[in-house]
Amino acid sequence: MRLDQRLIAEMIEPGTRVLDVGSGDGALIDHLFRLRGCDARGIEIDMREVTRSVAHGLPVVHGDADHDLAHYPNDAFDYVVLQRTLQAVERPREVLRQMLRIGRHAIVSFPNFGHWQLRLKLLLSGRMPMTAVWHTQWYETPNIHPCTIRDFIALCEEEGYCVQQWMAVDEEGERAPWRRSIRLANLFGEQALFLLRREGDCPPAA
Amino acid sequence: MNSTSPLDVGDHQHATFPDGLDLECGVHLPALDVAYRTYGQLSARRDNAIVICHAFTGDQYVAETHPQTGKPGWWARMVGPGRPIDTNRFFIICTNVLGGCMGSTGPRSLKPGSTERWGTDFPPITIRDMVRAQYKLVRSLGIERLFAVVGGSMGGMQALEWAVTYPDMMLAVMPIATAPYHSAQNIAFNEVGRQAIFADPDWYGGRYWEHNVVPARGLAVARMMAHITYLSEEALTRKFGRRVRRDPKDAQAPEASLAMFGDVFEVESYLRYQGSAFVRRFDANSYLTITRAMDWFDLAAEHDGELPAAFAGTPVRFCVVSFSSDWLFPTSTSRYLVRALNQAAANVSFVEIETDKGHDSFLLDEPDLDRTVRGFLCGVADHAGLA
């Protein structure tokens, strides 16, 4: 399991109901079932991964974030997880809305387009930046909706989501130290990880 | 070994229920025979039983040589020691469906207290009636709760019906290459088959046995047409293409390939063989009864068309499997089923297996299907804490 998946697992209360959207090889749901006693299920777009997951006894359905979340009832889950996928969905705002409709919490990770290397490359070369994280040519990339950490926070404010926890994570999934300042995290964090709640469910502001 | 006449019921292991069965149509079936086979051992805790539901023209001989055709069991590649449905671990039960012709009560059975066969007087039955007959058998074997119900095609309809009718009766259900309702296209194909049987001069209004014949041509045509729907265009092309038959026996007919009729193309010869083999083992009235039962199948019908309501609050774990080239029970319908299950917040897995073999894929060598079946059952056992 990737290190950032461990960080996600730590955000999830034991014994809860979890939907992992884009469950890949099923490592997270397997971990959540075995070690945290969760009723963890997956949705995965890649049929080979689905078959492999089901063949390992994991409850995974073939589907995708854009089209399949709408078919779940309200409050079906305690957590809905979307790992490193938000930038690749057709309608990120709608996907977030669906996640927080069917789940009490949403856990979202995405690559941060505000990272300094990307900014510098675009500034100096005038070409679409290519880095270890953003490594596909603009005409082939599935990442059609890149955003920065500050963009994402702005969207959460606009939609009225409560950011319960957030952290910057480096490419290996290790937690990065930029916790105090969103601006620094936005400059130096390669990946971002957010735990969101619906506004109505938020504790009163301290 | 094929000496059994198609009119014979034959002798099959069965349980008799003298209290009969109340059918959905309102008729009480006064006596009920359920023919069945079992494989493996029922555990001391009676928690390892799997019901396998056979498809339309299948029967209870899942994993052993068929006593009438001499062919291997229809799912011998899936069910057996060390197979994906492992008889070293699970106790397998398969019944011949109500309305069938391999020993369970059906149109070929004698009317109770009479020397007359039911024939076309056999009451209309439903998939739920079939499942309720299976339920009686399962309970009579001393089993309170099943581990799973598994079935493909019409067997998948029964598996779904099990989940809807007896949701607390099993841990898991695996509907394969099936649908929660019979579509207009499915019904249309069935109707062509039925009309082919009616059009056979040997049909005699359904009382063919009185004339010691069977409507073999009509039944064979029905089977040939249905068989096309079980395959895909790619599979037919791969197996036969446009190849013309080169049978040494036909060599004396010099221009065989220019003949108007007869077995010109290989695909025709294949279908004719399928048709003629079928009429030796299947009863025409059973064909009519069972196709009608499938046509009536619609799990949402009791819920004003709301399929999720049929599964509301279900504790059952589902694994839905479809095949990419199956146009009779297409993936789109399986996805519709999966979405309904999601809407009911059911625990569901869903796999579409990539293959060009069409609807019949569930009976064929598909390693991804084997892995899915084995893995799903293991996962359910894991979750349930079963050794």
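Every residue gets a Cβ built from N, Cα and C, even glycine.
Remember, TrEMBL labels are computer predictions, not curated facts.
In TrEMBL this protein carries:
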type: ACT_SITE; residues: B:Ser153; note: active site, nucleophile
type: ACT_SITE; residues: B:Asp326; note: active site
type: ACT_SITE; residues: B:His359; note: active site
type: BINDING; residues: B:Arg223, B:Asp360; note: substrate binding site
type: DOMAIN; residues: B:48-364; note: domain 'AB hydrolase-1'
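For the recorded positions B:Asp326, B:Asp360, the greatest number of Cβ atoms within 10 Å around a candidate Cβ is found at B:Asp326.
Straight-line distance linking the Cα atoms of B:Asp326 (active site) and B:Asp360 (substrate binding site), rounded to a whole number, equals 8 Å.
Using a 10 Å Cβ-Cβ cutoff, B:His359 (active site) registers 25 neighbours. The two recorded residues B:Arg223 (substrate binding site) and B:Ser153 (active site, nucleophile) have their Cα atoms spaced 16 Å from each other. Geometry remark: B:His359 (active site) versus the residue listed as 'active site, nucleophile', CA distance 8 Å. Taking a C-beta cut-off of under 8 angstroms and a sequence separation of 6 or more, B:Ser153 (active site, nucleophile) has the following same-chain neighbours: B:Ala55, B:Phe56, B:Ile176, B:Ala177, B:Thr178, B:Phe329, B:His359, B:Phe362. Here the domain 'AB hydrolase-1' (B:48-364) returns a mean pLDDT of 94 for the predicted model.
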